[in-house]
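Feature annotations, courtesy of TrEMBL:
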- 132-152: transmembrane segment (TRANSMEM)
- 137-308: domain 'Amino acid permease/ SLC12A' (DOMAIN)
- 164-189: transmembrane segment (TRANSMEM)
- 210-242: transmembrane segment (TRANSMEM)
- 264-283: transmembrane segment (TRANSMEM)
- 290-308: transmembrane segment (TRANSMEM)
- 419-707: domain 'Amino acid permease/ SLC12A' (DOMAIN)
- 423-447: transmembrane segment (TRANSMEM)
- 468-494: transmembrane segment (TRANSMEM)
- 514-532: transmembrane segment (TRANSMEM)
- 568-586: transmembrane segment (TRANSMEM)
- 592-613: transmembrane segment (TRANSMEM)
- 625-642: transmembrane segment (TRANSMEM)
- 721-838: domain 'SLC12A transporter C-terminal' (DOMAIN)
- 853-961: domain 'SLC12A transporter C-terminal' (DOMAIN)
- 975-996: region 'Disordered' (REGION)
- 1041-1108: domain 'SLC12A transporter C-terminal' (DOMAIN)
Amino acid sequence: MTHFTVTRVQEPEEEDSVFALSSSFSQNLDLSDFSWSGQSHYSAEDVNLLVGDGFHKDLNTYINNSNCVDDDDFYDRNLALFEEEMDTRPKVSSLLNRLANYTNLTQGAKEHEEAESFEGDKRKSTKSPQMGTFMGVYLPCLQNIFGVILFLRLTWVVGNAGVLQALCIVFICCCCTMLTAISMSAIATNGVVPAGGSYFMISRSLGPEFGGAVGLCFYLGTTFAGSMYILGAIEIFLMYIFPDAAIFVAEDENDEAATMLNNMRVYGTCFLALMAIVVFVGVKYVNKLASLFLACVVISILSIYAGALKSAFAPPHFPVCMLGNHTLSRHKWYACNKTIQNNETITTTLLWQEFCASDQLNATCSDYFTQNELTEIQGIPGLASSIILENLWSSYLTKGDILQKTSLPTVSVSEAPSNLHPYVFADLTTSFTLLVGIFFPSVTGIMAGSNRSGDLKDAQKSIPTGTILAILTTSLVYLSNVVLFGSCIEGVVLRDKFGDSVQGNLVVGILSWPSPWVIVIGSFFSTCGAGLQSLTGAPRLLQAIAKDQIIPFLRVFGHGKSNGEPTWALLLTAGIAELGILIASLDLVAPILSMFFLMCYLFVNLACAVQTLLRTPNWRPRFRYYHWTLSFLGMTICLALMFISSWYYALVAMLIAVMIYKYIEYHGAEKEWGDGIRGLSLSAARYALLRLEEGPLHTKNWRPQVLVLLKLDEDLHVKYPRLLTFASQLKAGKGLTIVGSVITGNFLECYGEAFAAEQTLKHLMEKERVKGFCQLVVAMKAREGISHLIQSCGLGGMKHNTVVMGWPQGWRQSEDPHAWKTFINTVRVTTTAHLALLVPKNISLFPANSEHFSEGNIDVWWIVHDGGMLMLLPFLLRQHKVWKKCKMRIFTVAQMEDNSIQMKKDLATFLYHLRMEAEVEVVEMHDSDISAYTYERTLMMEQRSQMLRQMRLSKSDRDKEAQLVKDRNSMLRLTSIGSDDDDETDTGAATGSERTDRVHMTWTKDKYLASVRAARGHGAATFEGLRDILSMRPDQSNVRRMHTAVKLNEVIVNKSHDARLVLLNMPGPPRNTDGDENYMEFLEVLTEGLERVLLVRGGGSEVITIYS
């Protein structure tokens, strides 16, 4: 076989000319005069001269390429196909470099807090978070859950409700928080939660109206929690540590309660002011003391268990004096006797004087005192006793009732008990519902982990694990303490709220070991610490709400000190907490904050349930153990507890939330956070459509709303029905589907035809089970009709954002020369309309809905970043049963200057934050010389285009010429592969070094003769055009683009030849329409050898985000 020779010539007159055909070829067109050599070569260095610093064309179809020849930094040789759009679709390597800290996504993060902050704010570099599950979530949750109720009221709850009902109360409350923690874990692991804790989760899941209302309720609950902790600390201080510190002293027994409330108000106000100053001076001091306060809590709880175990064999001696079955207060006296006999003298006791108003033996005494005997019982019988049998059942009291032990004998009298007598009275009417409201604050505090998400090393793992373990731990402690209290402590002592019957000791303290002071001191410091934590967290929550600017009148509270401390918010928090202090009763404040916390938990469960039922594409929690039924059960329990504990408080709290909601709806700042309510609006009617028009769709709510462009044949049958099948598989992510087609002609004349075609489309949609709408357009030109469909389909917010159309199969041999031009025009229209574009190639090979892949891979080749479509589409496809068992692999391309190891690590971390499971691989594409195959493939592409333009071939000639080019392509491919692999040449003359430096030119003499004979009949003008074609040199920009296509294709075929589906970035068409046919050739080369290919172009906006 002979080949014509291509040699390098030097022509000073034409400085742009580097290569030319041999002189005998260029000077004489007579075939007999052609001089053919045997096997000749030219070096790869010569080819590089062509594309490096040589030849320019005046007509450059790629506009941006004018200055790129001398600017190697502007483009990468291996990505030349994508260079025109690098400003809007960056390389993956540069994107991953910007995502090093995963806090500044190019567009996704702009819609979050940092982009909504005030202009001019400068971000300060922060240290990478290092806190783990134990220190970052578990211990803070323990500290916030354990609190004042455990030490001051749990024994009283057990005494009134009995062990069984107390276990029921604790179990219901713990179930409520556990279900809420499951929902919270799902939300918290559905992306990064930057700040704001529960407020952030609710507002970003249910919208600014719900978020603002519930956020303020949570703020009020946290503030009143601070009041409750302060009141608890004051109660411990005035009753058990330093009773003589009381400022107001009661003149008689009837005034004791009032004076105690006044003392609580004064000391509470002082404590509040002191704590506010500490918080104002610096939060770091509060954080440093947190560990000390937590240690106090842990030591106090351990002392309870130690004391309970010790009581089994050596119960502490705390006698309780009983008059009949009435419990007596033992503050002022110690001897449980009416008289004392010293030798022969009988003297009265202080107790006698209390009931007889005199120390004389003949004094007139109370009838009940006279007729009943005094007995002493053990306040703590011990774990080995059977006291639990008496404490199993409830003993609810009415205010003013005397604490009684019904098993003791008594003589009833008609005399009413008097406050002047030292009985222990019930200060509050108790009931099951009241005790629920008082106990519930002891299980709150589960949000402590989510509030610290920014400080955690792996928040998506630590928050669920730490929170649920903390709830399990605290639930076990509460349940075990209920049983221990009922098993160790006498019932009348349990019902004695302030320990009057045991000489004014803290009831839980007398059980502890080694001393009651362990509990007293520990509980005092733990309540002080919890109060400081509340006063620290509440102002920051208010500041977060104010900075979101959803409530205009709160904007002033978004400001603070220069270091960001919320000064104004702290002042408001202290003022609201003072209202709780003025109530001065722990039992009255607890139900108030229970309402606000329960409402917050209710909406956390609602947010999780709504997101789960909507099944939005962005809902991909890493925490898997959730279900919408659990969320609804949590909602039901929260709502029930609200009305059980206090129905009027519940109504007031709900009224406050509704008022805030309506205020934000009508007067608040407009915000769009991708909330679930907006996602639900997509499937609603007129009201929802109007809401969708209020603002742009958020990244989290993005789903492919598809316009499927189908082509009809002459019989009005769909040419590629598998396009609709593919769309139905994609719609496992739900959303909108519009099936569109175009009939060419006049609408007045083609109405019947259009109606029939529309019915055909509807029947096909029913067959493929595609739920959507059908839209058919009659236009004079197909490209105009497609443009009209893309522009006008949809209504309001229910508009398509993605176009699916088929690849023009056999476009080279197509009878319609405008088919591929219509295709390219559609690509341009979708790009201009900022719509995503999906082009399945070889659509007939795509699976039907009845086919199921039992294994295989979906390969994503992420070359440039254009909004995340390549990441989202495999996730949506795998929701369908056809692709469900396929695994996802992601390949990206690294250039010479890129760190491929770091890219792989960054990409894996990025996928982890996206909650997607995929195998990651970075393919290194080293700069290499442009091969002869690439050069000749480009040359033939341009020659073919020129021939079609100049010679205007007939259909038969065009078919022959296309076949000729096809044959040449096949031969070139085989020969080029041989040369690239350094195989021996045909003649065997080349040595190893020659094989490296030289390549074949494979246009044979026979092929050339055939082409010339075919063209000879067209006259002299045709020969002139043919001479220009044969002497033309390829444009260097086309060579570079062909090089990109060839190199990428080689890598993709090598890695993904057995993939079930290959997803690939689709390069944009040239801005100058003269290069359209070359663009089609580039796409063909890029996808050669692949069975199923999906070319993807993003719409210019982010469709996936790591944020919650």
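A Cβ is built for glycine as well, from the same backbone N, Cα and C atoms used for every other residue.
Note: TrEMBL annotation is automatic and uncurated.
For the domain 'Amino acid permease/ SLC12A' (419-707), the model's pLDDT averages out at 85. Across the candidate stretches 164-189, 423-447, 468-494, 625-642, the maximum count of CB pairs under 8 A to the transmembrane segment (210-242) is reached by 423-447. The list of residues near the transmembrane segment (468-494) in space but at least 6 beyond its ends in sequence, with Cβ under 8 angstroms from a Cβ of it, reads 133, 137-138, 141-142, 145-146, 150, 154-156, 158-160, 162-163, 166-167, 170-171, 174, 177-178, 181-182, 185, 301, 304-305, 308, 311, 315, 318, 320, 322, 327, 377-383, 385, 387-388, 390-392, 395, 403-405, 424, 442-443, 446, 449, 501-502, 507-508, 510-511. Among the listed stretches 137-308, 721-838, 1041-1108, the one sharing the most Cβ pairs under 8 Å with the domain 'Amino acid permease/ SLC12A' (419-707) is 137-308. Within the domain 'SLC12A transporter C-terminal' (721-838), the DSSP-based counts of helix, strand and coil residues read 54 helix, 24 strand, 40 coil. For the domain 'SLC12A transporter C-terminal' (1041-1108), residue counts in helix, strand and coil come to 30 helix, 11 strand, 27 coil, using DSSP.
A Cβ distance under 8 Å defines the sequence-distant neighbours of the transmembrane segment (132-152), meaning residues of its chain 6+ beyond its ends; these are 228-229, 232-233, 235-236, 290, 293-294, 297-298, 300-301, 438-439, 441-449, 452, 455-458, 461-463, 465-467, 469-471, 473-474, 477-478, 481, 506, 508, 519, 522-523, 526-527, 529-530, 533, 586, 590.
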